[in-house]
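Participant: Just lifted these from TrEMBL, have a look:
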- 1-392: domain 'Major facilitator superfamily (MFS) profile' (DOMAIN)
- 25-46: transmembrane segment (TRANSMEM)
- 53-70: transmembrane segment (TRANSMEM)
- 90-108: transmembrane segment (TRANSMEM)
- 203-225: transmembrane segment (TRANSMEM)
- 245-262: transmembrane segment (TRANSMEM)
- 269-292: transmembrane segment (TRANSMEM)
- 304-328: transmembrane segment (TRANSMEM)
- 340-357: transmembrane segment (TRANSMEM)
- 369-389: transmembrane segment (TRANSMEM)
Amino acid sequence: MSVGSLVALPFVPYAADILGRRTGVMIGCTIMIIGVLLQSLGYTFGMFVGARFLIGFGVAIAHGASPLLITELVHPQHRAIYTTIYNTTWYIGSFVAAWLTFGTNNIVGNWSWRAPSVVQAFPSILQMTFIWFVPESPRWLIAKGKNEKALKILADVHARGDQNDEVVQLEYQEIRQTLQLEKEVEGNPWAELWKTPGNRHRLIILVSLGFFSQWSGNGLVSYYINIVLENIGIHSSTTKLLINGILQIVNMIVAIGMCFFVDRLGRRLLFLVSTAGMLAVFIVWTICSAQFTIHRSKAPANAVIVMIFLYYVFYNCAWSGLLVGYGVEILPYNIRAKGLTIMFLAVDLSLFFNQYVNPIALKHLEWKYYIFYCVWLTLELFVVWKFYIETRNTPLEEIVKHFDGENAIVGGQVATEKARVIAAEHDIQIGTENHDGGLDEKEAVRHTEERMV
């Protein structure tokens with residue numbers, strides 16, 4: 001799958017930017033369904049490998065378009081919740097997979113693995129069914145010159161169909177002006193990713209998001225919990241599947257629950273707490289694993305199991321949902337799809353490393369391999385503290401100001417002036433904000449929207 005995803009990445013931004021966000025989702029789901037059919041009906045190892053390649057290829061195409069559609073379509077007031085929930089739904093699939101394999105573990109014959117293989121198609125079938133009821137991204141439509149259709153969609157999803165709604169008109173004008181300004185100064189889209197100081201800052205965040213989301217030690221459990229548990233004396237396949245199943249329930253609850261606190265607590269704080277917590281837990285995890293190797297007693301083994309659960313509580317505070325939620329919102333429209341592709345490249349390279357290096361290191365180094373992750377998590381904490389800025393309470397088109405300052409390309413002059421007028425009409429106080437988490441003029445837009453929906 002990781003190889004399939006890597007091969008698909010060059011096509012991901014073009015599918016989303018040229019064909020549209022909805023079409024990208026449909027293409028990806030179609031490829032995944034074909035892959036699932038091949039895997040479920042296959043009878044040779046070659047067919048199985050080819051099927052996994054196709055599934056990975058389709059995942060990359062759909063995964064590259066879906067968060068763009070959500071971010072560009074959802075009401076600004078709900079952007080943080082919806083975009084972070086998107087990636088945490090991975091745990092719903094993980095939960096189903098964990099308990100399904102637990103249930104089929106004792107089935108004799110090929111259906112012990114064919115049944116879980118068939119179930120992989122259900123999410124894609126659901127997406128293919130309901131995508132017909134989801135409108136296209138208004139930002140993509142405006143970029144393609146379909147302004148009237150974009151305005152209608154904005155009105156439908158943000159103001160119950162009222163195209164004259166002041167907030168809808170404010171959004172529409174800001175999006176249209178911003179995209180026009182971006183188009184006027186746009187050069188090579190890929191070169192834009194590192195052309196300016198602001199974009200280089202974004203690139204550091206995107207690459208680190210991709211690597212840190214998979215290289216924080218979570219890959220040890222996600223893919224090789226069997227070896228991790230073997231190293232502390234747990235050999236029963238039923239016990240290992242049970243622990244994994246319970247872990248996925250905890251992961252799902254924490255990850256989805258934290259999505260509702262993103263705007264309240266802020267992205268930066270969540271990243272810092274999450275990373276610092278993982279580091280502290282991993283140090284204890286490493287010590288307990290070493291103690292088990294020396295004494296072979298149950299106490300440190302049980303402590304390791306507790307640390308695994310506690311580690312994931314901290315991990316899911318930020319890295320599950322904000323990987324996509326934060327990554328997609330810091331990018332302006334003209335490089336959004338391509339920037340997200342760079343982030344997914346870092347994710348896939350990390351997964352490739354996890355699949356082929358982690359099992360070898362765990363087998364030969366056992367608990368000593370955990371020391372590497374303790375050091376790595378220290379580096380992660382520094383990078384997050386140094387480069388990750390706060391973006392809460394900021395409209396999507398205006399987040400560029402946090403990165404580009406005076407050079408930000410924002411068609412927001414008209415929108416900002418209009419926001420002041422609307423704010424005055426609704427007796428809304430406009431404050432001040434910096435990227436560490438305060439409030440500024442941009443908050444008028446959000447407060448106005450809250451009053452009017």
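Cβ coordinates come from backbone N, Cα and C, glycine included.
Caution: TrEMBL annotation is automatic and unverified by curators.
Relative to the rest of the structure, where do these features sit?
Facilitator: Packing against the transmembrane segment (25-46) from elsewhere in the chain are residues 15, 19, 52-66, 69, 114, 117-118, 120-121, 124-125, 127-128, 131: each is 6 or more residues past its ends and has a CB under 8 Å from a CB in it.
Same-chain residues lying 6 or more positions outside the transmembrane segment (53-70) and placing a CB less than 8 Å from one of its CB atoms are 1-9, 11-13, 15-16, 21-25, 27-36, 38-39, 82-83, 86-87, 120, 124, 127, 134, 136-137, 324-325, 328, 336-337, 340-341, 344, 348.
Within the same chain, residues 115-116, 119, 123, 237-238, 241-242, 244-245, 247-249, 251-252, 255-256, 320 sit at least 6 positions outside the transmembrane segment (90-108) and bring their C-beta atoms closer than 8 Å to a C-beta of that stretch.
If you look at the transmembrane segment (245-262), the same-chain residues 6 or more away from its ends with a CB under 8 A from one of its CBs are 80-81, 84-85, 88-89, 91-92, 94-95, 97-99, 102, 221, 225, 270, 308-309, 312-313, 316-318, 320-322, 325, 392.
With a threshold of 8 Å between CB atoms, the same-chain residues lying at least 6 positions outside the transmembrane segment (340-357) that come near it are 2-3, 5-6, 9, 12-13, 60, 63-64, 67-68, 193, 203, 206-211, 213-215, 219-220, 222-223, 323-324, 327-328, 331.
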